[in-house]
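Here's the structure we're looking at; comments come further down.
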Amino acid sequence: MSSGGLLLLLGLLTLWEVLTPVSSKDRPELCELPPDTGPCRVRFPSFYYNPDEQKCLEFIYGGCEGNANNFITKEECESTCAA
């Protein structure tokens, strides 16, 4: 195979990697946790990643404890789990 062919193949493989959606294997484990409001009673609008729907959804966080699948913004949730 010529060097031009190798460069083309390398370019196509790179493009395929960039355009391929993230699989559940690539997501941090925290993205698989269920939403957890925690025991406190403050009501903070927050976001969690729902692996079944493959998107970030809003939930109410109580303000303490809970788990790591808890994001202040939808954008933060998406960049961590749905990228």
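Note: Cβ is positioned from N, Cα and C throughout, glycine not excepted.
Annotated features in Swiss-Prot:
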- Cys31-Cys81: disulfide bond (DISULFID)
- Cys40-Cys64: disulfide bond (DISULFID)
- Cys56-Cys77: disulfide bond (DISULFID)
- 31-81: domain 'BPTI/Kunitz inhibitor' (DOMAIN)
- 1-24: signal peptide (SIGNAL)
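Overlay of Swiss-Prot feature records on the structure.
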{"residue": "Cys31", "record": "disulfide bond", "Cβ within 10 Å": "21"}
{"residue": "Cys40", "record": "disulfide bond", "Cβ within 10 Å": "13"}
{"residue": "Cys56", "record": "disulfide bond", "Cβ within 10 Å": "23"}
{"residue": "Cys64", "record": "disulfide bond", "Cβ within 10 Å": "11"}
{"residue": "Cys77", "record": "disulfide bond", "Cβ within 10 Å": "23"}
{"residue": "Cys81", "record": "disulfide bond", "Cβ within 10 Å": "25"}
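Distance noted between the C-alpha atoms of Cys64 (disulfide bond) and Cys31 (disulfide bond) is 19 Å.
Taken together, the residues of the domain 'BPTI/Kunitz inhibitor' (31-81) have an average pLDDT of 97.
In terms of DSSP helix, strand and coil, the domain 'BPTI/Kunitz inhibitor' (31-81) has 10 helix, 15 strand, 26 coil.
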